[in-house]
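Participant: Residues annotated as transmembrane segment in TrEMBL: 6-26, 47-68, 80-101, 135-156, 162-184, 196-220, 240-262. As annotated by TrEMBL, domain 'TLC' applies to 42-266. Residues or ranges marked as region 'Disordered' in TrEMBL: 269-310. Among the features that TrEMBL reports, compositional bias 'Polar residues' is placed at 287-302.
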Amino acid sequence: MSDRSPETMLTILAAGSVFFPGLFLLSKQCLKSIPALRWSEGDAVIVSARLVSSVQAVMASSAGYIISSSCKDIIEDQHWLTSTYILFAVPYFVYDIYAMFMCYWYKLRVKGHEEAAAAPQHMRSAVRSYLRREFLMVLHHVVMVTVCFPVSVFWRQGKGDYFQGIMFMAELSTPSVCLGKILIQYKQQHTLLHKVNGALMLITFFICRVLLFPYLYYVYGRYASIPFHMVPFSVPWHCNLGAALLMAPQLYWFSLICRGALRLFTGSSRSQRPCPATAAPKEHQTDGNSLPQPANGYSTRSTEPELTTH
């Protein structure tokens, strides 16, 4: 159990609750008000959400590196940053559910339909549609808050900080994911940057998320002098269950990335440069007859050369 006082834990939680939404609002306001930019509300919301996700990812990865490199004994060694960052980052997952909805909401708004889209009944319909479309991502965030948070802070009893640090470093793939979503949102699939970022996303996601749990099992096997294939039979059943439940969505999302990468690099579904003479304003680029791409960026649709993830 965490040895921090309840007051200290609440202070750290409050700091995270202010930092992430505050950064989002500050970024949105800057993008809207800086004379050289003056972006629309929808554009500012979408890009600000990606920025906050990237900042959180960099912070988590940095914390993970510090923790894992400081723990010589992978079971017994502790680092103060482990529980501190968990407490600080928990509010991010609550905030991000809201941010993803706002991205989804602005993608639904089409020129000439703003007033209808603002109607209460339309908002309720949008919420239901968002929850259906983003069910897996919303479920992931809810589980992070309601299950992973108490397990990591209280149930571990200070053991396994090394493993927690390695799991923080899974976020290393997020900045390229966010950049990919921004490039797709603004029809930049034809650029070299999109292709380079797509390759980087594929590599980092595979290393940081798909290989994550096999690596943790391998490290524990070396620590306990157990053959790799015997590790699942040597650890508590709930560890195997937790690893399986956390890895399953990563494999699903990675399969979507691979499909997007195949379309991107084989040219089976080529994107065309947008025509400047007929381009609509940024906030209205979504086709009114089609649904917006998922707010989290994952897409199973094959009609666009998307290479997108969380």
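Sequential numbering from 1, following the chain as shown.
Every residue gets a Cβ built from N, Cα and C, even glycine.
Automatic prediction, not curation, is the source of TrEMBL annotations.
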Participant: At a threshold of under 8 Å on Cβ distances, which of 47-68, 80-101, 196-220, 240-262 pairs most often with the transmembrane segment (6-26)?
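Facilitator: Selected stretch: 80-101, with the most Cβ pairs under 8 Å.
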Participant: Using Cβ distances below 8 Å and needing 3 or more such pairs, separated by at least 6 in sequence, tell me whether the transmembrane segment (135-156) contacts the transmembrane segment (240-262).
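Facilitator: Answer yes, regions in contact.
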Participant: Within the same chain, where does the transmembrane segment (196-220) have neighbours whose Cβ lies under 8 angstroms from its own Cβ atoms, ignoring anything closer than 6 residues to its ends? I mean 6 or more beyond.
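Facilitator: Contacts of the transmembrane segment (196-220) (Cβ under 8 Å, skipping residues fewer than 6 from its ends): 74, 162-163, 166-167, 169-173, 176-177, 179-180, 183, 226, 228, 231-232, 235, 243, 246-247, 250-251, 253-254, 257-258, 260-261, 264-265, 307, 309.
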Participant: Which listed stretch (47-68, 162-184, 240-262) has the most C-beta pairs under 8 A with the transmembrane segment (80-101)?
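Facilitator: Answer is 47-68, with the largest number of Cβ pairs below 8 Å.
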